[in-house]
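Positions annotated as domain 'Fe2OG dioxygenase' by TrEMBL: 77-171. Feature annotation from TrEMBL assigns Fe cation binding site to 95, 97, 152. Here TrEMBL flags 162 as 2-oxoglutarate binding site.
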Ligand SMILES: O=C(O)CCC(=O)C(=O)O
Ligand SMILES: [Fe+2]
């Protein structure tokens, strides 16, 4: 499942992260790409620093507080985060992300945009599958979450600048189909509860979700 989630960052955090991102030093992004992705990657990434760690900590907190992220991704660990910047024709050609990073399995990838869609031209994140390409252009503070198994690319940024935090999540539930079932049950349980309160029907759906979680977590 690929999902766009709006307002992951509030206006205050967004402004703080934008300011912090502007004051960092950047280096060639190829250092963190895998063997084959390196050849198609042309961007800049923030160098390691305490300020960068503080940005990632803020992002981790925002993600862990977001009900949709929790329900769709079930984050167990953040395998890696990067702060990346594209400008002047920079691009990241078709690639697949590494299956493990820092010793952790990568189940979901995300891009959290720090720039508004209208401040740069190009720069769409494109998911490729056998049938069609799907292009995504995010607003500031918005994120897309997608299975790391997906082939994808970033179109060249021909004008302006695109700045985003990208990251990889190790989920409590490894199988995307199982994650989708748990998310569907979350949505159904909440809708039942909102409509009719804590009825026997709600109890059964919630119980099924809890028991499937127990069956599938850390599998
Ligand atoms: O910037 C993005 O939206 C995705 C970048 C990407 O694919 C990567 O860093 O592996
Ligand atoms: Fe990627």
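Any Cβ shown, glycine's included, is placed from N, Cα and C.
Shown on the structure are the features that TrEMBL records.
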residue	record	DSSP class
95	Fe cation binding site	strand
152	Fe cation binding site	strand
162	2-oxoglutarate binding site	strand
Residue 162 (2-oxoglutarate binding site) and residue 95 (Fe cation binding site), distance between Cα atoms, whole Å: 19
Fe cation site shell beyond 95, 97, 152, criterion: Cβ within 8 Å of Cβ centroid: 37, 92, 94, 96, 109, 148, 150, 151, 153
Cα-to-Cα gap, residue 152 (Fe cation binding site) vs residue 162 (2-oxoglutarate binding site), nearest whole Å: 17
Other CB atoms, at most 10 A from the CB of residue 95 (Fe cation binding site): 18
Alpha-carbon distance [residue 97 (Fe cation binding site); residue 162 (2-oxoglutarate binding site)] in Å: 20
PLDDT averaged over the residues of the domain 'Fe2OG dioxygenase' (77-171): 96
Residue with minimal Cβ packing [other Cβ atoms within 10 Å] among the binding-site residues 152, 162: 152
Three-state composition of the domain 'Fe2OG dioxygenase' (77-171), taking helix and strand from DSSP: 3 helix, 61 strand, 31 coil
List of residues, in chain order, with Cβ under 8 A from that of residue 97 (Fe cation binding site) and at least 6 apart: 34, 37, 106, 109, 148, 168
